[in-house]
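Peer 1: TrEMBL feature annotations, pasted as is:
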- 87-114: disulfide bond (DISULFID)
- 142-151: disulfide bond (DISULFID)
- 59-116: domain 'Sushi' (DOMAIN)
- 116-152: domain 'EGF-like' (DOMAIN)
- 1-20: signal peptide (SIGNAL)
């Protein structure tokens, strides 16, 4: 109990004892003084009892709860002790970070709360992305061609270089902001779907520099200007009967060497892509009617040309030039197919077809 109160009570008791020895003028005055002292004694006693009860039963501050979505650090509720408050990730503290138990047994400050942080307030989604606020985090709904937490550009060229559906672009892919575009080499245009390449026909569009005495041959990615010159062969002469055909002049009756030379030369030009699959038919040579008892087809030239081609008969009057091995471009190949008419193994006529193939460096 209060030391001061105890001292007051002791002093009161001593005063009361002294009254018995004091000389007072009248008995009535003595009685009045004693009554006053008794009242003071009662008040002091009641005050002391109230103080002692308060000290015994209320020596700590009331219990504090942790804020919703937060924590409280510290358990002591004694006078002079502090408790501290923290919020869970994604929440921010509103109010006092700590509270002190005061001598009045009342906590200082106000009870704090934990408020949800709006992660989208700083507009973290870039490049037109829409931010979605979530508990302690955010996500971005990105526009087409963008991905990731902050909507970064997707490199479609790298991501889909060789996917299950094939190459993203037939030739070259250029990554752009939010997308990509396909490009084609010189001599090609991009197709309508934006992914493939189609050849530009320079001969049809007059994008060539061929002269009037030349023939424009369109190739994959370019063109060739050709002019057929009739061959010069001993014992025979040839004249051009069309831009792509030369025929032998009539031979004297007694000139057997002349009659053994080819009756005609025909010229044909093909445009091929690189690495064309084989085997496949490249060209057919036919006779209008059979003269003599045998019609024979053969491939002229040495081993280099036979590496890629052969000649086969397809029916009684037709032979076909066959590609037997893919050709890696760019390259220019020439194959000569001979058709010979025989009667009892004697030559009746020879016809040469020259096929020139321009192979592109690309496979399209």
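We number each residue from 1, going along the chain as drawn.
For all residues, glycine too, the Cβ spot is worked out from N, Cα and C.
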Peer 1: Can you give me the Cα-Cα distance between residue 142 (disulfide bond) and residue 114 (disulfide bond) in Å, rounded to a whole number?
Peer 2: 31
Peer 1: CB neighbours of residue 87 (disulfide bond) within 10 A?
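Peer 2: Result for residue 87 (disulfide bond): 21 other Cβ atoms within 10 Å.
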Peer 1: Taking all residues of the domain 'EGF-like' (116-152) together, what is their mean pLDDT?
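Peer 2: Reported value for the domain 'EGF-like' (116-152) is a mean pLDDT of 86.
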Peer 1: Can you count helix, strand and coil residues in the domain 'EGF-like' (116-152) using DSSP?
Peer 2: 4 helix, 14 strand, 19 coil
